[in-house]
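Everything on this sheet refers to the single structure shown next.
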């Protein structure tokens, strides 16, 4: 593989010295870019775009051509695993994901296959290999998966949800069934992420989008427990260097200490968390990624720069911070805003790394 020219993202995740704070944006390959919308139109629909390695590579690289980002992230979806398990994933026009065969019974859980990453999910690995080749060592490639809890919410609810009544009914009325499902999903995620690493991903991230809807004990038992299992099962070194692992629970600020005990290298934090406090709590164990509210990108360039400066000041001196948004970028932000954001981070962070 080509030698890496810019490794400050990987170094920051391992809390090693860097010259400036690295940055990438969740959903940086996405609908806010006109070139993404054009490529998606060529593909026909979202999953066709994910399944075409050349087009998935193209949209992964698009934001890097516009902005001096410090990492690329695989263009894919967290629901590839349940889709490969045969649940019948579809995306309606203007709608979220839907599953034709939601999980409701013991038999349904028992019958779920664990997908072969080089079989039903080979299209993802082909995309990883293609992107890694086309990056030519410019920046590292991030692979990812949804967390078992977050995948289970979609599989049991049959799609997106606001109240999560079906999966919470299973959690409280039949916890053993939910544990069986989560355990199987954890095994599937371990295989999937390790295959991404073998295919060329240089860092991996677990997105626990819906962990924050759980109560305290339930989060530890039904979400974090299974992320811990995944972290323990991952390949942690490849191509002669460490493969850092980042956990991100949206709304998970109260569990940072417990998350840091999993053996991961970094924690993603959303905008509800003060970075100075997070660093004081867990900065001796893990790096932190985040955490600007994506809605700040609707503001003026001066306001964006002000927010960047504030977050950099919150983290303070030293390595161990990857700048990011607190969640995915919105599709209708002004076209110049991401450039202001990225350039401000690189410019204003340098004094913190002397």
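The count begins at 1 with the first shown residue.
Each residue, glycine too, has its Cβ placed from N, Cα and C.
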Candidates 105, 209, 262, the one Swiss-Prot lists with 27, 28, 29, 30, 31, 46, 77, 154, 327 as binding substrate: 209
Per DSSP, three-state class assigned to residue 27 (substrate binding site): coil
All-chain count of other Cβ atoms within 10 Å of residue 29 (substrate binding site): 25
Candidate with sparsest Cβ neighbourhood (10 Å radius) among 27, 31, the listed binding-site residues: 31
